[in-house]
């Protein structure tokens with residue numbers, strides 16, 4: 001059996017604290033112990049002796065012996081640690097030892113500090129020249145001085161530039177520097193340096209945009225210039241350029257001119273590289289040429305004026321390139337116009353054309369690919385994908401150029417167009433249909449293969465339309481143009497000349513294509529094209545007449561219609577189907593088209609005036625009928641009948657003009673007769689949609705009155721019900737109440753929704769029809785009373801587009817004697833065309849009666 005538990009002895013004091021320390025509890029952390037790795041420093045004898053010496057007390061002889069602890073680190077060990085720490089810095093300095101021999105960094109430092117590459121001399125204005133000479137002899141440990149020099153040189157350069165304008169010039173120069181550095185790095189295959197230059201270029205472009213908008217930037221954040229490497233000095237290229245200009249001038253001179261040194265052209269002055277503002281020089285030279293052209297015109301020398309003005313206009317192209325930030329070589333700029341006065345008048349035009357034209361062309365070598373009017377157009381694409389890719393690349397380049405010049409709005413516009421081309425390329429590659437007509441076309445680009453070339457801009461087309469309309473006029477417009485030139489300043493007509501030759505040139509280029517394509521068209525398509533061209537000509541004539549009446553709004557409206565007809569003509573010639581229902585209707589006569597001259601001494605008899613009025617009324621009615629029939633056939637797509645009725649309408653119009661002219665001159669009414677003419681027409685209600693049917697409740701006749709109500713007190717209204725799409729969702733409505741009559745006139749139109757191809761609609765048409773109920777409106781305490789019912793059958797809508805029916809009003813099955821007239825209209829019959837033969841008494845005026 002277990003024995004009794006042994007009794008525990010009493011615990012000694014302090015044993016619990018030792019246990020807690022062993023468990024990690026209540027441990028006193030000493031920062032010096034943690035730093036020096038010492039367990040106890042309280043019982044250090046040296047420290048206690050020093051403390052007693054400071055306090056002036058005598059040491060206690062009865063203190064405990066110091067426990068043996070860890071001694072502090074020796075100084076040799078500490079020095080070794082310090083040497084190890086310093087060793088990294090020295091090794092890093094040794095790694096940077098080769099930076100002094102880096103040619104790119106040295107060139108970059110020399111450019112910032114203004115040091116010449118070959119001589120090593122510094123500009124007088126720089127204060128860092130002694131530092132540079134000392135830096136070349138210093139040790140490798142002094143190498144980090146270079147970044148400080150960069151930071152000091154940058155504000156100095158900005159301060160010398162002078163304000164925001166100088167800051168903008170500095171940024172533009174720095175952008176050009178980074179572009180050249182990126183290009184040279186790409187050519188050398190240094191991808192890292194190229195990416196670094198591109199990042200700096202983006203920063204500079206954003207800073208330039210901020211400065212142009214009037215914002216402020218931190219000058220310390222401007223990236224420093226980068227080294228471009230060794231390039232051939234500029235003074236070596238100068239003699240070659242001068243020799244080329246001299247050789248060009250010597251080649252352009254004729255041998256016959258050697259005997260006449262006073263008539264030779266002066267040498268073309270090259271613009272020095274240090275010219276501060278080339279734009280001001282170009283503007284001044286352009287103004288000189290314009291002033292010289294104006295003075296030559298006033299002096300009567302028109303040939304010289306034209307030549308000077310032609311040269312002056314070429315400066316505009318160079319100025320546009322300069323504004324876009326493109327590099328322009330001004331070494332071939334034409335001389336001042338005063339230097340050309342020595343030329344004889346006979347040989348001035350030819351000599352100026354031979355010498356000055358190449359000189360002006362030398363100023364714009366960079367712009368040959370950017371201008372829309374230049375002959376250097378993109379290569380002709382072989383496939384649709386090539387054409388789309390060419391245009392995508394062009395708009396991307398335009399967006400980059402706009403963003404570089406700070407025009408963010410234009411850059412975003414080009415990016416959106418580029419996105420459209422990207423979507424079009426993806427859709428074309430996926431085999432989906434792409435509407436290429438909606439894609440913008442860059443100027444000067446060839447058309448997409450397989451498509452018709454696009455026309456000019458809207459302004460050019462309006463100008464072309466006006467020019468074509470003025471050709472139709474019988475007046476001589478040349479004299480009017482000469483008078484306008486005399487009244488207006490001399491510069492105004494000269495500025496408009498470039499737009500005028502573009503119109504006939506485009507037409508001359510398109511005429512052979514149009515004629516050849518027209519010959520290959522089918523007869524039906526040829527009829528459509530003839531109709532559209534005649535309609536376009538009619539609107540152009542109307543626009544010209546409106547312009548003569550000073551009605552510019554009407555003229556613009558007619559020109560827009562003529563422009564829309566141009567697009568339809570192009571589609572018809574390309575073989576695409578044309579919806580003739582969307583072709584604008586022929587113009588109708590207006591009262592202001594005719595001027596009636598009343599003579600006081602010429603009086604017509606009352607009978608003659610009545611005859612004239614009757615004849616004019618008949619002609620107007622026949623003219624309107626012809627236009628109506630023409631419109632109906634146009635909606636059917638029958639071009640032949642449309643043209644026929646338009647010619648009849650034109651004949652009625654001419655007869656009406658003859659009649660009004662005879663009445664204005666006071667003549668007797670012309671001899672006339674009537675002929676029976678049978679016209680085959682197709683009935684159609686073009687104002688209706690194919691998804692709607694109109695129900696017209698016209699009138700009630702002799703409706704019965706309910707018991708207790710007299711016929712004169714009948715307040716009638718009609719309620720109808722059309723069971724489509726089904727009986728539960730039948731279309732219902734009612735007319736307004738017509739009071740106190742048994743023959744009410746309703747004349748109300750109700751629009752019913754239908755689906756012509758739906759089987760249920762055909763079933764309702766053939767079997768059910770429309771049910772009508774006639775009610776008498778009750779008073780305040782009385783309900784409505786049923787008068788009678790009627791039913792309309794709709795089978796005739798299969799072959800007719802309108803049903804007009806006078807139905808018997810029934811009381812149950814018993815007739816009441818009342819009638820109800822209704823009409824039902826569709827756009828066109830359900831199964832076939834509604835062909836009608838119309839016989840008209842056709843009025844014919846005899847010419848001998850005039």
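For all residues, glycine too, the Cβ spot is worked out from N, Cα and C.
For reference, Swiss-Prot has these:
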- 1-10: compositional bias 'Basic residues' (COMPBIAS)
- 1-21: region 'Disordered' (REGION)
- 54-73: region 'Disordered' (REGION)
- 114-129: compositional bias 'Acidic residues' (COMPBIAS)
- 114-145: region 'Disordered' (REGION)
- 215-277: region 'Disordered' (REGION)
- 234-244: compositional bias 'Basic and acidic residues' (COMPBIAS)
- 436-525: region 'Disordered' (REGION)
- 440-450: compositional bias 'Pro residues' (COMPBIAS)
- 489-502: compositional bias 'Low complexity' (COMPBIAS)
- 511-524: compositional bias 'Low complexity' (COMPBIAS)
- 585: phosphoserine (MOD_RES)
- 588: phosphothreonine (MOD_RES)
- 668-807: domain 'C2' (DOMAIN)
Over the domain 'C2' (668-807), what is the model's average pLDDT? 90
Please report the DSSP secondary structure of residue 585 (phosphoserine), reduced to three states. coil
With DSSP as the yardstick, break the compositional bias 'Pro residues' (440-450) down into helix, strand and coil residue counts. 0 helix, 0 strand, 11 coil
Per DSSP, the domain 'C2' (668-807) contains 17 helix, 64 strand, 59 coil
